[in-house]
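Engineer: Just dropping this structure here.
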Amino acid sequence: METEKKTQTAAEQMTDRDLSEQIKKVTKESHVRAENTELMLSFQKGQVTLQQYKLLLCSLYEVYQALEEELDRNSNHPGVAPIYFPAELARLEAIEKDLEYFYGQDWREKIVVPTATKRYCHRLRQIGKENPAFLVAHAYTRYLGDLSGGQVLGRIAQKSMGLKSSEGLSFFAFPGVSSPNLFKQLYRSRMNSVELTEEERNGVLEEAVRAFELNIQVFDDLQKMLSVTENKLQNCSTHSSNTPAKTLQIPGPIIKTAPLLRMVLGLFVALATVSLGIYAF
Ligand code: HEM
């Protein structure tokens, strides 16, 4: 791509004052922690299960929905416009396709997300409203991650889950990006073109560390959810298509008291009360 080629020289000229360099530096330690979460280690060892991946997709759906809605809404904001690449980067449609592949047509009714995912989305919506200049921190964390380690993880996931074609793995494919490395260079140079005051710059850097933290919390919650519910997740209850995804409080098993059991218990309590009343009388 012509635009990607043009950025090669720009990338070579980057300095320590560049946002792209600073953001990479401040999130270095968080990146290592993210890589070492149980969920990411399962990916790297080629042991990711279908259940793990399906659950991750549900959370990614919620996160990208919030992120991309906020980016779209703020696309003319001076802190967003330079890094706004919906045609190349948008993930929501790809995730929807994958969810349909794994969960079937009624996938919207089956989405389950942990509390940490709701927290992450809440933060995205909050900064979209109050401080759109911070969105770059979140877009960087997710999209550059997807274009970096994410590319390898996609290939590993395909093998681990025994998928014969790339069906169910649209999330990892970026048809609008011919070279992830060149595109990342373009993205970095666009990040560096955003004009920020010292205070805003510090805010963006802090937000990037927070973005990694929110991702780590999602991975940890997903893992806890899996160990608590084991195979029960597949039988999760249905929702109307317009209702938001079900949130699970972690830790804690999902227990649904059967209505019949509740009726029997109620009858038992009523009988006991009446018997006690007669006895006292
Ligand atoms: C199994 C887990 C992961 C592996 C193996 C992995 C691996 C990598 C690799 C090899 C790079 C390229 C480094 C470079 O070009 O210098 C990279 C970059 C990146 N990764 Fe990851 N990653 C993982 C998880 C994550 C997660 C969970 C996130 C965020 C949620 C993330 C965000 C990023 C970002 C933002 C970059 C771009 C860094 C930059 O060039 O500024 N990664 N990752």
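Here the Cβ of each residue, glycine as well, is placed from N, Cα and C on the backbone.
Note that the structure is predicted; figures quoted are calculated from it, not measured.
The following feature annotations were taken from TrEMBL:
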type	residues	note
BINDING	Lys24, His31, Tyr140, Arg188	heme b binding site
TRANSMEM	260-280	transmembrane segment
Engineer: For Arg188 (heme b binding site), list the number of other Cβ atoms lying within 10 Å of its Cβ atom.
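Structural biologist: A count of 23.
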Engineer: Run through the Cβ atoms and count how many others sit within 10 Å of the one on His31 (heme b binding site).
Structural biologist: 16
